[in-house]
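Dumping the structure here so I can ask a few things about it.
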Amino acid sequence: MSPNPSNSLDAFAGEKLAGLEASALRRRLAVTARGPEAAAERGGRSLVSFSCNDYLGLAHDPRVIAAATEALARYGAGAGASRLVTGNSPPLAALEERLARHKGKEAALVFGSGYLANLGIAPALVGAGDLILIDELGHSCLFAGAAMSRAQTVRFAHNDVAQLRALLAEHRGTARRALILTERVFSMDGDRAPLPEILALAGEYDAWTLVDDAHGLGVVEPGQRAPLEMGTLSKTLGSYGGYLCASQPVIDLLTSRARSLVYTTGLPPASAAAALKALDIVETEPERAARPLALARRFTARLGLPEAMSPIVPVLIGAAEAALALSTALEARGFLVVAIRPPTVAPGTARLRVAFSAAHDEGQVDALAEALIELAPESVRAG
């Protein structure tokens with residue numbers, strides 16, 4: 001068969017890109033140089049960033065950098081192998097011990113990222129003949145892990161405990177095992193799961209619960225712990241990686257069965273050392289940990305928005321084009337607030353996702369609020 005130019009790989013990609021462009025959904029990588037104190041440089045502009053998950057500003061903390069530098073000099077730039085071969089460095093082992101203690105669990109397991117953690121956890125615990133119930137606004141990696149498990153996967157409406165109960169009543173009797181997946185703080189809306197009610201349902205229906213704490217660690221009160229507590233090292237802890245905290249038997253099982261741990265290189269020792277030092281700071285500086293939520297609530301009060309439940313505040317715009325235009329207008333005024341568009345959020349709910357950090361000051365927060373009141377009065381109302 002002779003090649004068909006219209007069916008080439010480049011033609012296929014070009015057609016798909018044209019469709020994304022027409023819908024204002026094409027993504028582009030923008031080089032961004034992050035600095036301390038919420039500073040960022042992009043496109044030759046010096047900006048104040050409100051689009052970073054470094055909630056405590058620890059990525060630039062001299063103590064965290066010093067810990068990473070020391071580990072880099074001692075252990076090298078990379079782990080060099082899978083953790084089950086020779087890639088299980090001393091900083092990794094120390095970090096797992098501290099994470100488990102912080103979460104009140106027997107053990108912890110560190111993965112290469114939060115996404116990799118969730119790709120590995122569900123398939124190691126459930127499979128065909130089992131049931132997964134997942135909040136419809138759960139992160140993409142929760143859905144990816146559920147799909148890889150081959151368990152029956154059913155979505156429940158966001159934070160809808162009544163529907164979750166109904167689905168458990170409908171499906172639990174025919175499933176060997178059941179796993180509920182949710183988030184402590186939802187990454188795009190900044191709201192929180194009703195964990196006491198969810199955990200009570202899990203107990204009633206003999207189900208396990210995994211809580212993704214990627215955006216909650218260290219910046220919101222944890223409340224009741226789930227049997228499976230996973231999260232990332234890349235947000236509050238300012239480093240890179242993911243983890244699961246659970247009982248020792250569960251961690252032992254995942255060490256053998258989580259494919260996203262077994263078949264990939266271990267986390268660089270410097271990343272583990274940085275996260276360990278950051279966890280020290282989280283535990284010993286509670287006033288710093290409280291600051292992002294306080295700033296978020298200052299912002300929502302200023303704009304008359306519902307009180308923030310976390311350091312994440314969505315400013316809903318609607319159309320993707322309008323969200324992009326508002327982001328561009330804010331950048332011209334010195335603020336970096338990236339537009340979030342489908343498929344990350346549902347169609348018609350494009351938004352600015354404003355993320356607050358201990359590195360921000362009140363003046364920066366107030367200035368952003370005033371700019372939004374002027375540029376997007378239909379999306380906010382001055383309080």
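Cβ coordinates are placed from backbone N, Cα and C, and glycine is handled just like the others.
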Of Thr328, Thr344, which one shares the substrate site with Arg27, Arg34, His139 in Swiss-Prot?
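Of Thr328, Thr344, Thr344 joins Arg27, Arg34, His139 in the substrate site that Swiss-Prot records.
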Per Swiss-Prot, what member of Ser51, Ser82, Ser149, Ser187 joins Gly114, Tyr115, Asp212, Asp213, Ala214, His215, Thr232, Leu233, Ser234, Lys235 in binding pyridoxal 5'-phosphate at one site?
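Between Ser51, Ser82, Ser149, Ser187, Swiss-Prot records just one in the pyridoxal 5'-phosphate site with Gly114, Tyr115, Asp212, Asp213, Ala214, His215, Thr232, Leu233, Ser234, Lys235, namely Ser187.
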I need the neighbours of the pyridoxal 5'-phosphate site defined by Gly114, Tyr115, Ser187, Asp212, Asp213, Ala214, His215, Thr232, Leu233, Ser234, Lys235. Which other residues of that chain put their C-beta within 8 angstroms of the C-beta centroid, in sequence order?
Asn53, Leu217, Gly231, Gly242
Find, for the listed binding-site residues Ser187, Thr344, the residue with the lowest Cβ contact count at a 10 Å cut-off, counting only other Cβ atoms.
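It is Thr344 that, of the binding-site residues Ser187, Thr344, has the fewest other Cβ atoms within 10 Å.
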A 10 Å Cβ contact count, applied to the binding-site residues His139, His215, Lys235: which residue has the minimum?
His139
